[in-house]
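Noted in TrEMBL for the protein shown:
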type: COMPBIAS; residues: 1-11; note: compositional bias 'Basic and acidic residues'
type: COMPBIAS; residues: 200-209; note: compositional bias 'Polar residues'
type: REGION; residues: 1-20; note: region 'Disordered'
type: REGION; residues: 200-219; note: region 'Disordered'
type: TRANSMEM; residues: 30-50; note: transmembrane segment
type: TRANSMEM; residues: 62-81; note: transmembrane segment
type: TRANSMEM; residues: 101-117; note: transmembrane segment
type: TRANSMEM; residues: 137-156; note: transmembrane segment
type: TRANSMEM; residues: 242-263; note: transmembrane segment
type: TRANSMEM; residues: 290-311; note: transmembrane segment
type: TRANSMEM; residues: 331-351; note: transmembrane segment
type: TRANSMEM; residues: 371-393; note: transmembrane segment
type: TRANSMEM; residues: 497-516; note: transmembrane segment
type: TRANSMEM; residues: 528-548; note: transmembrane segment
Amino acid sequence: MSEELVQHPKESLPGPRASPREVWKKGGRLLSVLLAVNVLLLACTLISGGAFNKVAVYDTDVFALLTTMTLLATLWIVFYLLRTARCRDAVPYRDAHAGPIWLRGGLVLFGICTLVMDVFKTGYYSSFFECQSAIKILHPIIQAVFVIVQTYFLWVSAKDCIHTHLDLTRCGLMFTLTTNLAIWMAAVVDESVHQAHSYSGSHGNTSHTRLAPDPERAGGTAGGDPCPCSTAICQIFQQGYFYLYPFNIEYSLFASTMLYVMWKNVGRLLAPTHGHGHTPSRVSLFRETFFAGPILGLLLFVVGLAVFILYEVQVSGERDHTQKALVTYYSFNIVCLGLMTLVSLSGSVIYRFDQRAMDHHKNPTRTLDVALLMGAALGQYAISYYSIVAVVVGSPRDLLGALNLSHALLLIAQHTFQNVFIIESLHRGPPGAEPCEMPPKEPCQGITFANLDAIHTLPSCPPTPRLVSSNPESPQEAVAIISAPRCHWRRRCLKDISLFLLLCNVILWIMPAFGARPHFSNTVEVDFYGYSLWAAIVNICLPFGIFYRMHAVSSLLEVYVLS
């Protein structure tokens, strides 16, 4: 049954008056959202309750809930794949903007790391299966199957605009999205419990260990388990899957964003020409750039890796070494964030001279990209403002405090200006849409073109001649090749800027994703807020900051392609 038409006039299709089934579109979406909210709240209640000592919710209860949710989501995905395979008319349209290759590639990368983590967790719990609940061994196995099935599903179906069993599909997609969010919450809480236990053990007190598991309670994965992990292989499995938690977190967030786009595209009608956007078919890295951005970005990337390794080696040593490690870490981040802020601001200034038309077509993928950039940045904003208050109001005021304050302020500025640059870039029209700057000295001559009539539509200024094949893929491509100025200086600058920001975001993702936590090594915030409150703030907000870096990388790659 058809759905209501897309609201943009360029994508609207003629059709009969809206039927009661079409009017129910918003009701179907509301039903699926209500289902997701209730399931998510139930999962959040059990997962958060299982992290505290005084709550009679055991981790076996959490594992049972997550296993049930992953099983149901896996069965629904299999049903979806079988249904679309049997019914040829189930997916009459595909959204060309949804599920870009770099997003699906990142999903596969994080999915592989999640599978390795599940193997480590299975090996860890199997090391002492005599005194463990069977659900603890079963859960990572079921989760591995879910990851494999879901990754294949999103790889082949991310662009689908399905038109059969609309309400069931919406509910299934929302339930699968909720399952990914529940897995994400469980990973964040488990990592928080592990950090709290490690902190209490290193400081020799229990005043800040509310999140630490009770030794009397079964199943504490942070070290309070009555079953001791004494063998070397068990220790390797335990440490290994904790290091792989960031990849599991990113996988869940990546899958959630792709599922949301699919949910928005359920029942969507597209014009025949929709999706033939302005993304070039071939991407050549470092092509038409000044090479300044890639070189400077690679330099900061290499220096950042060295700083990260030095930080990890020194931060757990003596107090003097910890102080030096923090000063080095903050100094590098201040330089990197400062350059990124200036470069993002320069890109926005360049757009003031860019006369390309803004693209206002309806695009759920781009709308979601903008919402994720703005929403994920809130996590780092929150950490930065808490740090600013702790440094300004607290004491003492020393070099480390000044570096911490500068780092927090630059994080806010960098996120703001980078978001402005990326969002404006994603809304720009196709390359070559801007008029030439210099007036022509001669009429257009020496141009090789595919159609004699096309020469009359060219601008008055002569573009750089390019050869066109006799059989272009499309008329739009032939016109773009003829009319687009080659190696325009603004395009080169924008490509350099996007590559520089991309490499910087990669190194700023690697540091926190692989365990850099200056928030706890620098005791200013811990002393000011107390460990329990500060650990909750960091462990809730920091995953959003890590996700922001990865999402910024994918968005900047798209900016590079579109520039």
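Heads up, the Cβ atoms here are built off N, Cα and C, so glycines get one too.
Worth saying up front: this structure is predicted, and the values here are computed from it rather than measured.
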Exercise. Counting only pairs at least 6 apart in sequence, do the transmembrane segment (331-351) and the transmembrane segment (497-516) share 3+ Cβ pairs under 8 Å?
Worked result: yes
Exercise. Are the transmembrane segment (528-548) and the transmembrane segment (497-516) close enough that 3 or more Cβ pairs fall under 8 Å, when only pairs 6 or more apart in sequence count?
Worked result: yes
Seminar exercise, completed: Ranking 62-81, 101-117, 137-156, 290-311, 371-393 by Cβ pairs under 8 Å to the transmembrane segment (242-263) puts first 101-117
For this session: Quick one: find which recorded stretch in 30-50, 62-81, 137-156, 290-311, 371-393 has the most Cβ pairs under 8 Å with the transmembrane segment (101-117).
Result: 137-156
For this session: Any chance you could find the range in 137-156, 290-311, 371-393 with the most Cβ pairs under 8 Å to the transmembrane segment (62-81)?
Result: 137-156
For this session: State the non-local partners of the transmembrane segment (371-393) in its own chain: residues 6+ outside its ends, Cβ under 8 Å from one of its Cβ atoms.
Result: 257, 401, 404-405, 407-409, 411-412, 415-416, 419, 422-423, 519, 524-525, 528-529, 534, 537-538, 540-545, 547-548, 551-552, 555
